[in-house]
Amino acid sequence: TDDKMLKRAGLDYWDHVKLKYYDSIEEFFEVNAGGEFYFITKFGRHLYSDVDYQDTDKDYFFIFGKETTGLPDAVLEAHEDTCLRIPMTDHIRSLNLSNTAAILIYECLRQQQFGALDQMPHYDRKIFKD
C-alpha cells in the first residue's frame, strides 16, 4: 500500500498480510458472495458474542464505519438482521476502531480454538521462572 499511515499501523508485518483491493463495494460483495457479512454498529440489536463463528470453512466479514459517524443509515437498514454491537456505556460515543476490530477478530479466533495461533511458541522469560 502507498498509504503512509496504513503502512505505519502495519509495522513490519506487511509480508504476512494479503491485501485485496476492490473497485466498489458491489464488487466486494459479488466476489465474496459465499461469505457471512456482519455490520458493526452501536445500534445493532445483536451482540457480537452471540454469533456462532465456529465454522472454519466459512469466510466471515466484518464491516466497520468511521469512528465518528459509523456506517450509513441506508447500510444499517438494508442489513438490520446482521448488525452487531459490542456492549459499551452510554457515556461514550464510540469505541476505537482498531480495538473494535481486535475484539471481533479475537472472538472469531477464540470460537475456532485460535487456529494456527495455538501453534505459536511459548516465550520463556526470567520474570516467569521460579
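Glycine too: its Cβ is placed from the backbone N, Cα and C atoms.
In TrEMBL, annotation is done automatically, which means it is predicted and not curated.
Now, the feature entries from TrEMBL:
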{"type": "DOMAIN", "residues": "3-106", "note": "domain 'tRNA/rRNA methyltransferase SpoU type'"}
{"type": "BINDING", "residues": "Ile40, Gly65, Ile86, Ser94", "note": "S-adenosyl-L-methionine binding site"}
Its residues classified by DSSP, the domain 'tRNA/rRNA methyltransferase SpoU type' (3-106) shows 38 helix, 16 strand, 50 coil
Which residues, in sequence order, are found in the same chain with Cβ within 8 Å of the centroid defined by the Cβ atoms of Ile40, Gly65, Ile86, Ser94 at the S-adenosyl-L-methionine site, excluding those residues themselves?
Thr41, Lys42, Phe64, Glu67, Gly70, Arg85, Leu95, Leu97, Thr100
